[in-house]
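Undergrad: Once you've had a glance at the structure underneath, I'll fire off some questions.
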Ligand SMILES: Nc1ncnc2c1ncn2[C@@H]1O[C@H](COP(=O)(O)OP(=O)(O)OP(=O)(O)O)[C@@H](O)[C@H]1O
Ligand SMILES: [Mg+2]
Ligand SMILES: [Zn+2]
């Protein structure tokens, strides 16, 4: 999949930008704060309807303007689609596909797919477990859209169950010792466990298919050492490994864990086990056995690991379905020369990759393709 | 904050379902600028509805008298009872003309977030209606979302003792494509779920 044209109106620092794009590599260079990330952020937003930098839409609209527009021509095999998204902070966004308005903006999803790696992704290694769970879940949804519903179901059941536990906790405190009526708790346990088991089994299978790809990507970039992912459920679970994961075994184990922790949960008024508390450990092996990257990895190693995870996601999607557009924001500056060279080779294999760099020399000369110089609000083609 | 009665109006409107502070404000100012005759008619209708419309003492549906039209109709099949969440569900099912039995309106679905447990629903009334054995089929037609499913499984469990000797059959409405929660999902999501959840059909 690739873009042939990108146009921005009042997006971030751009009053108007027209960018021609060719297949293969496209590098955007320019000084700090001149708008390189803004361009790739727009492409990511068009694909996901969300920014990798901000949760709110207001900062995406050029200061002083009312709305922003992102427009792109997307090509996949012999099909072309013109995608248009109007960002209206505080109101509903509007989308058009081939100049036809779509009823719901989400109907415009799926035409463009991207895998974006940005400095923010260092949180994948250094941040809270929630960041890593989200990485898995977003990839699940990208592979199989149905998981958006499974995830929403799990979150809904969790909210309901927590509300029930909270009111039970309050009741318990109010009349000490009195038995709390928990007839409906079993019910929410059941809903939580079926959505939870579905989600968890899928995460386990995903980690299984991702692991060799992460190891390969890290090996390529770092040249040595091994990196692997280890999914750690928040409760006692032995699936015996391997795909497909036995979902009913996961379900039963989750139910057993809920039952075992019930007293504790009523006391604390919240659900203490389940996919929302699981951890995805990122492990590095320097030859002395695997250790958590979060605690042991250097800055460059952490960076390489986060990048490897994203590249693995890219490889997985490319192998199973439609190859996404790869976006690498500011990656080269953080890597040593050998890692830069290795990454350049991976990047060169993509159908289309958008790369940003503040210092042109950081991008290996071996990376041919298009090059743009980004000025404040403008783009000048260098080659 | 606005002065006195204007703020009172905004607060009252804001208590209505699905009306946030912004909408409440908009409606309030719309009413302030509207023709007094129109506003008076609205106020009178509100009062009249509260005075004249009540809930059927049998099924809980809205009714103009002590019992609703459906409960009073002798042609309706008293052996089939359909449990729904709200009166509006009765209207929806009636439109299909598929159903000739009677209804039981629960008044909502289990939702701890909103503080709704079994005691807040007309569950006790339902059990009382089933006691004499006239009803032989109970259709659980709560919404196909998480709260509706939870409510249906709760009711199924409550009536289980009555099903032991075969005198009561409990069914759940087939919802075609399953939908998840309140979220409106992309069609591919819904369809994807339907595929994943497909069942063997004997023919
Ligand atoms: N809504 C907006 N309206 C106007 N300008 C904006 C808006 N949002 C961001 N900017 C400007 O865009 C610039 C940042 O652009 P961007 O993040 O793309 O920089 P960059 O070229 O990627 O820099 P770096 O090399 O430091 O990563 C800043 O100068 C910022 O003030
Ligand atoms: Mg940047
Ligand atoms: Zn009635």
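Even glycines carry a Cβ here, placed using N, Cα and C.
What TrEMBL records for this protein is below:
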- A:3-361: domain 'RecF/RecN/SMC N-terminal' (DOMAIN)
- A:30, A:31, A:32, A:33, A:34, A:35, A:36, A:37: ATP binding site (BINDING)
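Context for these features, please: burial, neighbours, distances.
TA: Here residue A:30 (ATP binding site) comes close to A:36, A:358, A:373, A:374, A:375: these same-chain residues lie at least six apart in sequence, with C-beta atoms under 8 angstroms from its C-beta.
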Undergrad: Judged by the number of other CB atoms within 10 angstroms, which among A:32, A:37 is the least packed of the binding-site residues?
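TA: A:32, out of the binding-site residues A:32, A:37, has the fewest neighbouring Cβ atoms within 10 Å.
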Undergrad: Within 8 Å of the Cβ centre of A:30, A:31, A:32, A:33, A:34, A:35, A:36, A:37, which other residues of the chain have their Cβ, at the recorded ATP site?
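TA: For the ATP site the neighbour list reads A:38, A:358, A:374.
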Undergrad: Which one, from the binding-site residues A:34, A:36, has the smallest tally of other C-beta atoms lying within 10 Å of its C-beta?
TA: A:34
Undergrad: Which whole number is the mean pLDDT over the domain 'RecF/RecN/SMC N-terminal' (A:3-361)?
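TA: The answer is 92, the mean pLDDT of the model over that range.
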Undergrad: With the Cβ under 6 Å from ligand 2 as the test, give me the qualifying entries from the binding-site residues A:31, A:32, A:34, A:36.
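TA: Cβ under 6 Å from ligand 2: A:36.
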